[in-house]
Amino acid sequence: MSGPTWLPPKQPEPSRLPQGRSLPRGALGPPTAHGATLQPHPRVNFCPLPPEHCYQPPGVPEDRGPTWVGSHGTPQRLQGLPPDRGIIRPGSLDAEIDSLTSMLADLDGGRSHAPRRPDRQAFEAPPPHAYRGGSLKPSGGAVPTPMLPASHYGGPTPASYATASTPAGPAFPVQVKVAQPVRGCGLPRRGASQASGPLPGPHFPLTGRGEVWGAGYRSHREPGPGVPEGPSGVHIPAGGGRGGGHEPQGPLGQPPEEELERLTKKLVHDMSHPPSGEYFGRCGGCGEDVVGDGAGVVALDRVFHIGCFVCSTCRAQLRGQHFYAVERRAYCESCYVATLEKCSTCSEPILDRILRAMGKAYHPGCFTCVVCHRGLDGIPFTVDATSQIHCIEDFHRKFAPRCSVCGGAIMPEPGQEETVRIVALDRSFHIGCYKCEECGLLLSSEGECQGCYPLDGHILCKACSAWRIQELSATVTTDC
């Protein structure tokens, strides 16, 4: 894109408007087929706008009525102009000014009767219209009213912009008049403010619903520190630079704002009422705050006041004392011991490991044999009819049957669990004691060749039994 070409002044040729179009005061002329020319005013110097600086909104028909720039920099459509006025001449300038002033008053007066919110009133601005190039032709001291971008802070602020593709040309001082609100807008009337400076570069006015009427009539403010300024050669449109400018402002009093306000009040209250000392948490006994150094103790993964950390049974304070925790409850030593099981042998509380047998609790050292007093922890045992505890050996020695020959207890063999004994003539015998009383022959319990042949209460083998029988028979014969 090439920069504008500045031609020397020539004899001005009257430019003509198309049929049915009128040029209001201060508006740009219609486009021409040749390069843009400049007709200097005897009192005011003008800087022409190059054709590439004019913005044509997409989708907007070209045949629109003239526009004027409000105090927000928002283009407003002027209604009611005659369709065919011809070229504006210096002689009709005063009448044109009066007509425009009357139309503006009617528009603003009609707007003031519309229902609005008590705090702010929103309106929709019609889309702007811009001519594509042309010549500036001020007449009769008329001052053009440029289209200024909507400002974030309400006040009109003319600024100079240099696009990246167009070199900055010579600056011509220009008096720029900013349109001010008239009566009927619900705001105090103010005088027109003036500012000197070069004409602004291309801009894109905000025409969305997010613009609020009356927001731009605040006092002139300096830009806040949180609003960045655009770099030279780059124009940031109003509304944060988002496309289209449709960014409606959120209504007041939404839940996030209420939540933020509540949290802020809570923070202010907490800061206004600080604790008197260091805060350690809530007491596990009474639920109150534990504040101050030395005011609490930590136990059972909780914080307690000194007076709240007591025994669950006798309510004695446990600070600096040994305590026992049972199911997240603290006990002093005496109360804890009272809750323990007692040994069935010595009747003392069991503080260490518990050994249970036959439904009773024992100290491991108290669970012993009543005969040999050997500890039976992990060793097989048995009990008698009176529930006395015996080891297996002592139980057999005490309660096993006795051998009729040796008189010893008949017990299981080492490594065996069963007891083997021989019963004959209602007497019990060890296997090794079951012998013939005459010859000492080891008898067998099977009843075969070396079986027992009892005779007159004696245990005899077969031979000895026969000899005894013959001897008795001879004696009987002799007696006869």
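Any Cβ shown, glycine's included, is placed from N, Cα and C.
What you are looking at is a predicted structure, and each value in this text was computed from that prediction instead of being measured.
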Q | Among ARG25, ARG43, ARG85, residue that the record in Swiss-Prot marks as asymmetric dimethylarginine | A | ARG25
Q: Write down the residue from ARG132, ARG190, ARG262, ARG397 that Swiss-Prot flags as omega-N-methylarginine.
A: ARG190
Q) If you check Swiss-Prot, which of ARG64, ARG209, ARG282, ARG315 turns up marked as omega-N-methylarginine? A) ARG209
Q: For the set ARG16, ARG116, ARG242, say which residue Swiss-Prot annotates with omega-N-methylarginine.
A: ARG242
**Q.** From SER92, SER99, SER387, the one Swiss-Prot labels phosphoserine
**A.** SER92
**Q.** Range among 201-208, 441-448, 473-480 that Swiss-Prot annotates as region 'Interaction with MAGI1 and PTPN13'
**A.** 473-480
Q: Over the domain 'LIM zinc-binding 3' (404-471), work out the mean pLDDT and round it to an integer.
A: 83
